[in-house]
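**Student:** First, the structure itself, so that you have it in front of you.
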Amino acid sequence: MATLQAVSGSLTASERGILTAINSGASSLSLVGSGFIVLCYLLFKELRKFSFKLVFFLALSDMFCSFFSIIGDPSKGYFCYAQGYATHFFCVASFLWTTTIAFTLHRTVVRHKTDVEDLESMFHLYVWGTSVVMTVIRSIGNHHHGHISRVAAWCWAQTGLTGQVVHFVTFYAPLWGAILFNGFTYFQVIRMLNNATRMAVGMSERGHQSDARSDMKALNRWGYYPLILIGSWFFGTINRMHDFIEPGHKIFWLSVLDVGMAALMGLFNSIAYGLNSSVRRAIYERFDLFPDRFGRLLPRNLRQRGQQQDSELISLKTEGQ
């Protein structure tokens, strides 16, 4: 097997080194963030509700995606294939798990179904099965060529038109399908909950109206969830499109945004999906077991929010299942 090319295109050795450093640093942050959510799920029994279990598998996928990205920049051989396929598999699994969370919210809030926990096995089949299929298709595409090369800082896809098409079909097509599904689903969920909250504000006493409005603000935060995938992979999509138009010519600043934002996906997911009121409350309760001087070390907003019941993902009807 031929030695891997460094980065397809016109980037210099110093620019490739910068991209590798950005990838390692950003992936390390994502690894820490997603690893923290995984650790919280394993340590805190009160978090082991079905809704947070989906967040756990999302964080687990992000953690492995970040890990294999960190050990990237391999030079040649089968190790490059293994690293590239593993990164591809877990990154696809990551954004597919976000669709299961969106589906769960929609089925619970909009359709008023209480059977989402019974669908867990279907979720696993859908996420892991689709990830395997996309990775196998990519591997078949790679075998049509004598070598593969790295896109940005990873062993990602082979050069040539066929390799770029395979990359789009096996990664960016399901990615943007997930973005569209999440956006449409969260739009319906937020619209219904906002309407219900407005009705509650109109019918409730004045003393309860401020609580309802604060709940509405919390619900509106769900609208930012689809933006995580868009922000993480927008520049990567533009970069791949540029590769189609001008193959062999890389734009350094675009590659920097591509690598940096994609590698931060795990961190963004861990903050948005994982650090909800239940996690903050569980952490606060553990610190509260220590003397007051240790509890004061926590930021004030964490201590306050740890005692509140925010309207977030974990507080849906799925919590009682």
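First residue shown is number 1, and so on along the chain.
Using the three backbone atoms N, Cα and C, a Cβ is placed for every residue, glycine included.
Copied straight from TrEMBL:
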DOMAIN    19-277  domain 'G-protein coupled receptors family 2 profile 2'
TRANSMEM  20-42  transmembrane segment
TRANSMEM  54-72  transmembrane segment
TRANSMEM  84-105  transmembrane segment
TRANSMEM  125-141  transmembrane segment
TRANSMEM  171-189  transmembrane segment
TRANSMEM  222-239  transmembrane segment
TRANSMEM  251-275  transmembrane segment
**Student:** Using a Cβ-Cβ cut-off of under 8 Å, list the residues of the same chain that are 6+ residues beyond the ends of the transmembrane segment (54-72) and lie near it.
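**Tutor:** Cβ under 8 Å, 6 or more out: 20, 23-24, 27-28, 30-31, 33-35, 37-38, 41, 83, 86-87, 90-91, 93-94, 97-98, 100-101, 104, 123, 127, 150, 153-155, 263, 265-266, 269-270, 273-274, 313.
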**Student:** On the 0 to 100 scale, where does the mean pLDDT of the domain 'G-protein coupled receptors family 2 profile 2' (19-277) fall?
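**Tutor:** Across the domain 'G-protein coupled receptors family 2 profile 2' (19-277), the average pLDDT comes out at 82.
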